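Q: The structure's right below; bear with me while I get my questions together.
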Amino acid sequence: MPPNRLLLPKMRLWGLLPFLVPFILLWSIQEPALAEGVFIRTCPKYNKIKCDFEERNQCLRHRECPGEERCCLFACGRKCLDLSEDICSLPQDAGPCLAYLPRWWYNQDTKLCIEFIYGGCQGNPNNFESKAVCTSICINKRKMSSWI
């Protein structure tokens with residue numbers, strides 16, 4: 001009698017094929033952002049924020065963002081964010097355009113949300129439609145994280 005051992009079928013590696021093929025195909029894509037579901041970097045999650053109006057989306061998918069930035073639902077619209085930087089520590093940036101849009105930014109030195117005039121284009125994500133949204137994202141988040 002043969003010794004008691006687990007006899008694996010001859011086709012043991014073929015069972016992995018359905019899992020390996022999609023992985024190989026996604027790995028070979030020239031633009032890695034096209035395989036969005038594979039990557040671990042995730043967008044920040046915020047509690048429901050009450051917005052007076054929905055902002056124009058800067059992006060719809062990660063591949064529409066430059067470099068390593070990710071397309072995230074942030075404040076009141078979708079924006080390209082660099083997940084390695086703290087948005088609330090960015091300086092005030094009105095951008096090069098000449099619109100007159102009252103906005104709010106978080107000043108890390110004073111720990112306050114301060115009103116400024118946004119030009120309507122470019123700038124950075126430390127730019128909120130209201131003081132309430134700025135407070136919700138930058139001040140309340142910091143209070144919660146200081147407890148951890």
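Using the three backbone atoms N, Cα and C, a Cβ is placed for every residue, glycine included.
Grabbed the feature section from Swiss-Prot, which reads as follows:
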SIGNAL    1-35  signal peptide
DOMAIN    37-84  domain 'WAP'
DISULFID  C43-C72  disulfide bond
DISULFID  C51-C76  disulfide bond
DISULFID  C59-C71  disulfide bond
DISULFID  C65-C80  disulfide bond
DISULFID  C88-C138  disulfide bond
DOMAIN    88-138  domain 'BPTI/Kunitz inhibitor'
DISULFID  C97-C121  disulfide bond
DISULFID  C113-C134  disulfide bond
Q: Given C138 (disulfide bond) and C43 (disulfide bond), what distance in Å do their CA atoms have, once rounded to a whole number?
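A: Cα-Cα distance, C138 (disulfide bond) to C43 (disulfide bond): 15 Å.
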Q: Ten-angstrom check, please: count other Cβ atoms within 10 Å of the Cβ of C97 (disulfide bond), all chains counted.
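A: Excluding its own Cβ, the number within 10 Å is 12.
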Q: Return the count of C-beta atoms lying within 10 angstroms of the C-beta of C65 (disulfide bond), excluding that atom itself.
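A: Other Cβ atoms within 10 Å of C65 (disulfide bond): 19.
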Q: Out of these disulfide-bonded residues, C59, C88, C121, C138, which one has the fewest other C-beta atoms within 10 Å of its own C-beta?
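A: Taking C59, C88, C121, C138 as the disulfide-bonded residues, the minimal 10 Å Cβ count falls on C121.
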Q: C43 (disulfide bond) to C59 (disulfide bond): how many Å between their Cα atoms?
A: 13
Q: If you measure C-alpha to C-alpha, which of C59, C71, C76, C88, C121 (disulfide-bonded residues) come within 10 angstroms of C134 (disulfide bond)?
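A: Among C59, C71, C76, C88, C121, the ones whose Cα sits within 10 Å of that of C134 (disulfide bond) are C88.
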Q: Could you measure between C51 (disulfide bond) and C88 (disulfide bond) for me? Cα positions, answer in whole angstrom.
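A: On Cα coordinates alone, these residues lie 18 Å apart.
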Q: Among the disulfide-bonded residues listed here (C71, C80), identify the one with the smallest other-Cβ count within 10 Å.
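A: Least crowded of the disulfide-bonded residues C71, C80, by Cβ count within 10 Å, is C80.
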Q: If I take the alpha carbons of C121 (disulfide bond) and C88 (disulfide bond), what is the distance between them in whole Å?
A: 19
Q: Quick one: DSSP breakdown of the domain 'WAP' (37-84) into helix, strand and coil?
A: 5 helix, 10 strand, 33 coil
